[in-house]
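Novice: Sending over a structure as structure tokens; questions will come in a sec.
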Amino acid sequence: MSILKIHAREIFDSRGNPTVEVDLYTSKGLFRAAVPSGASTGIYEALELRDNDKTRFMGKGVSKAVAHVNKTIAPALISKNISVVEQEKIDRLMLEMDGSENKSKFGANAILGVSLAVCKAGAAEKGVPLYRHIADLAGNPEVILPVPAFNVINGGSHAGNKLAMQEFMILPVGAESFKEAMRIGAEVYHNLKNVIKEKYGKDATNVGDEGGFAPNILENKEALELLKNAINKAGYSDKIVIGMDVAASEFYRDGKYDLDFKSPDDPSRYITPDQLADLYKSFVKNYPVVSIEDPFDQDDWAAWKKFTASVGIQVVGDDLTVTNPKRIAKAVDDKACNCLLLKVNQIGSVTESLQACKLAQSNGWGVMVSHRSGETEDTFIADLVVGLCTGQIKTGAPCRSERLAKYNQILRIEEELGSKARFAGRNFRNPRIN
């Protein structure tokens, strides 16, 4: 069934910044999608179009992107009469109309809003759940429920503390189901709150952009100690592993790294890529750290390559790969990492996100689906991770409704699948069904 009407508007994300929401109508009803936005963005990401009108929302308005949808994209898609099940055809048409390499004409936020809404409408047209429609688009006969990676301690550009590394995550890989993983995550989160309160006082339990705690600590090792303590107190040391998102591009300075980048600049304290790699190796040795994202700057290819070859853990590319097939192909050739972080708004369409995922998986990589720090109540990525069978998702702590919206949707999907539900568990890095 073809599109009857498309209407975009400005709404607000979880940080109080404007973002794009798209309503798409077919004869089956209304399908709504909202676009997320990142704080620590890779320089190679598709362009998120902001108005840059300083008199309005500090320049962060998205009225131009909204106008591109309402005045240009909507009339074109409606006149073409393409069925909403033809995701690739619709996405390709928008990409051709935009014509730029990085979606700078319309904005990735305009194109993605429509693309997500089309995908939801396509599922309804086929009379199947969204995750099943996505699985069909990706050519997956089965679906898999992911291990959640809960970001429970926040640092970096997501928090006002001195901690350089951006996310410290717990992954309940020993759970038997997604429901149990949620329970484990929530219980550890509450234990962590008490551990932090006892050590640093009540105001240290204020939460960051993604619902994790942001105690004012400087040493990254201290964050790992807090996690270890909370995991032990909750009684889950045999069921939980730790993941980190370092977001090292945020503190890369002239070929070196500044682990105290939120203090006044002092080049004498910068460390080399090799010294930073040794620090990571000490984390892996002393804590159950099994996944490190963006350990080095997005252009420090040599450091990535050397590190990935020297460790047996999951090394995740985010700023390095930005969900972009060209960057992923280079990272595959260079053996720079072994897992893709999949963020739909980095590339800007459902079709290209699916392509990026399949490219990574076909090269033996893991794939972790991810939210952004500026989120909405939209739950598309919950269905996406199940349909793509990636086995792992990070969408914040078990705190703040824009984070729980995704986790709760996966709970509903697990319930709906009943006895057919399969949880990735300890196989989260490569959960393919044979």
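Note: Cβ is positioned from N, Cα and C throughout, glycine not excepted.
Heads up, here are the entries from Swiss-Prot:
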type	residues	note
BINDING	SER40	Mg(2+) 1 binding site
BINDING	HIS158, GLU167, GLU293, ASP318, SER370, HIS371, ARG372, SER373, LYS394	substrate binding site
ACT_SITE	GLU210	active site, proton donor
BINDING	ASP245, GLU293, ASP318	Mg(2+) 2 binding site
ACT_SITE	LYS343	active site, proton acceptor
Novice: Using a 10 Å cut-off between Cα atoms, which of these recorded positions sit near ASP318 (Mg(2+) 2 binding site): HIS158, GLU210, GLU293, ARG372, LYS394?
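Specialist: The recorded positions close to ASP318 (Mg(2+) 2 binding site) (Cα within 10 Å), listed in sequence order, are GLU293.
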Novice: Taking DSSP as the reference, which of helix, strand or coil describes GLU210 (active site, proton donor)?
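Specialist: Its secondary structure by DSSP: coil.
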Novice: Whole-number answer please: how many Å between the C-alpha atoms of LYS343 (active site, proton acceptor) and LYS394 (substrate binding site)?
Specialist: 10
Novice: Fewest neighbouring Cβ atoms within 10 Å: which of the recorded positions GLU293, LYS343?
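Specialist: If we count Cβ atoms within 10 Å for the recorded positions GLU293, LYS343, the smallest count is at LYS343.
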Novice: Just to verify a number: CA distance, HIS158 (substrate binding site) to the residue listed as 'active site, proton donor', in angstrom, no decimals.
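Specialist: Cα-Cα distance, HIS158 (substrate binding site) to the residue listed as 'active site, proton donor': 8 Å.
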Novice: Around the Mg(2+) 2 site recorded as ASP245, GLU293, ASP318, what other same-chain residues have a C-beta within 8 angstroms of the site's C-beta center?
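Specialist: Counting only non-site residues, the set is GLN166, GLU167, MET244, VAL246, ALA247, ILE292, ASP294, VAL316, GLY317, ASP319, LEU341, SER370.
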Novice: Restricting to the chain of ASP245 (Mg(2+) 2 binding site) and a gap of 6 or more, list residues whose Cβ falls under 8 Å of its Cβ, or answer none.
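Specialist: Residues satisfying the criterion: ASN151, GLY156, MET165, GLN166, GLU167, MET169, ILE292, GLU293, ASP294, VAL316, ASP318, LYS394.
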Novice: Give me the sequence-ordered set of same-chain residues, not including HIS158, GLU167, GLU293, ASP318, SER370, HIS371, ARG372, SER373, LYS394, with a C-beta within 8 angstroms of the centroid of the substrate site's C-beta atoms.
Specialist: GLY38, ASN151, GLN166, GLU210, ASP245, LEU341, LYS343
Novice: Quick one: pull the CA-CA distance for GLU210 (active site, proton donor) versus ARG372 (substrate binding site), whole Å only.
Specialist: 9
Novice: How many other Cβ atoms are found within 10 Å of the Cβ atom of LYS394 (substrate binding site), counting all protein chains shown?
Specialist: 28
Novice: Taking the binding-site residues one at a time (HIS158, ARG372), which has its Cβ surrounded by the most other Cβ atoms within 10 Å?
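Specialist: Result for the most crowded candidate: ARG372.
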Novice: Measure between the Cα atoms of every pair in HIS158, GLU167, GLU293, ASP318, SER370, HIS371, ARG372, SER373, LYS394, the residues the record assigns to substrate, and report the largest value in Å, rounded to a whole number.
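Specialist: Largest Cα to Cα distance for the substrate-binding set is 16 Å.
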Novice: Using all protein chains in view, find how many other C-beta atoms are within 10 Å of the C-beta of SER370 (substrate binding site).
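Specialist: The Cβ of SER370 (substrate binding site) has 27 Cβ neighbours within 10 Å.
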Novice: How many neighbouring Cβ atoms, not counting its own, are there within 10 Å of the Cβ of GLU210 (active site, proton donor)?
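Specialist: There are 30 of them.
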